[in-house]
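Here is the structure we will look at.
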Amino acid sequence: MREMITIKPGKITVQANPNMPEEVANLFRKQHYEIVGRHSGVKLCHWLKKSLTEGRFCYKQKFYGIHSHRCLQMTPVLAWCTHNCIFCWRPMETFLGTELPQPWDDPEFIVEESIKAQRKLLIGYKGNPKVDKKKFEEAWEPKHAAISLSGEPMLYPYMGDLVEEFHKRGFTTFIVTNGTVPERLEEMIKEDKLPTQLYVSITAPDIETYNSVNIPMIPDGWERIMRFLELMRDLPTRTVVRLTLVKGENMHSPEKYAKLILKARPMFVEAKAYMFVGYSRNRLTINNMPSHQDIREFAEALVKHLPGYHIEDEYEPSRVVLIMRDDVDPQGTGVNGRFIKH
């Protein structure tokens, strides 16, 4: 077990705080999450289930070659975040802020227990006549960890070790972060423990939109994100800036988004629609959900301000458009290619 941290303006300090209250854990369980240890969680992805029962797949399979049925969707920080984003589909009204759990579970424990939790959630599909036996057996042995799901995963202070534990087991890894913990990325760079693909979710083109859409719980969130984007530039791993676009809220100023993207110069940019699902329905309306055509038009406007980038692909079921840097090999794998090297 490890000590805890609490994020503070400009630095991270140690501070005592109780573990996740049982009423919060029970709310997650009702939403079909498996609680892992003191502060982590696992949930079967919508597209994993669709892949097993219908042969459909997530846009990440089309864009990057990640097999949806072999993806483990987890988070080491289930109920803690630095933002209160209006579009979040998680039950963030019960989130516990930025005062984090004590003590921390070890990375090895989290990885092993997350795999067990995934299998517990999968077992009901074993006898399903719609599920191919071979595909189920592959799903039983996940090979890709999507470290996102809920909360802000980079608040976990041993993220580099967590990534390393997954890699030891032959996993590829994605981390999806809101970019407010740049010191964690600095540590991972120094330790040479980067994920296979690092996402930062940028959901505002300027600080005014950031304050109204992301509703930060820390006073220097925007400055932290700017630092994170600078750190991403030229990282020796795959990098993505994801724009979650909410009609009537943050779907404006493509030229300002472009300036932020060029700070990081990622391999990929994903322009993706907000989806009217989960708890976000308590805060927004279906009119806030862009159509795929809306996303396509925004991506076309955005790429005009992104020299060295082009629209590479799109996936209408997920309402997402992939923008790619011109020097990325469209048929290649690894850190210089479009596809993940397994």
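Quick reminder: no glycine exception, Cβ is built from N, Cα and C everywhere.
Sequence annotations record features per position, and here Swiss-Prot assigns [4Fe-4S] cluster 1 binding site to CYS45, CYS58, CYS71 based on sequence analysis. Neighbour density for CYS58 ([4Fe-4S] cluster 1 binding site): within 10 A of its CB lie 24 other CB atoms from the protein chains shown. CYS58 ([4Fe-4S] cluster 1 binding site) falls outside any helix or strand according to DSSP and counts as coil.
Marked as [4Fe-4S] cluster 2 binding site by Swiss-Prot on the basis of sequence analysis: CYS81, CYS85, CYS88. Within the same chain, residues at least six positions away from CYS88 ([4Fe-4S] cluster 2 binding site) with a Cβ under 8 Å of its Cβ are GLY278, TYR279, SER280. The secondary structure of CYS88 ([4Fe-4S] cluster 2 binding site), as reduced to three states from DSSP, is coil rather than helix or strand.
Residues or ranges marked as domain 'Radical SAM core' in Swiss-Prot (evidence: sequence analysis): 64-312.
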Original post:
What is the nearest of the binding-site residues CYS45, CYS58, CYS71 to CYS81 ([4Fe-4S] cluster 2 binding site), using the Cα of each?
Top reply: CYS45
Subject >> Rounded Cα separation (Å) that holds between CYS58 ([4Fe-4S] cluster 1 binding site) and CYS85 ([4Fe-4S] cluster 2 binding site) >> reply: 23
**OP:** Go through CYS45, CYS81, the listed binding-site residues, and name the one with the sparsest Cβ surroundings, counting other Cβ atoms within 10 Å.
**Re:** CYS45
Subject >> CYS85 ([4Fe-4S] cluster 2 binding site) versus CYS71 ([4Fe-4S] cluster 1 binding site) - Cα distance in angstrom >> reply: 25
Original post:
Can you list, in sequence order, the residues of the same chain other than CYS45, CYS58, CYS71 whose CB lies within 8 Å of the CB centroid of the [4Fe-4S] cluster 1 site?
Top reply: HIS46, TRP47, LEU48, SER51, PHE57, LYS60, GLN61, ILE66, SER68, HIS69, GLN73, ALA146
Original post:
At the Cα level, what's the spacing in Å between CYS85 ([4Fe-4S] cluster 2 binding site) and CYS45 ([4Fe-4S] cluster 1 binding site), rounded?
Top reply: 21
Subject >> Residue among binding-site residues CYS71, CYS85 with least C-beta crowding, 10 angstrom cut-off >> reply: CYS85
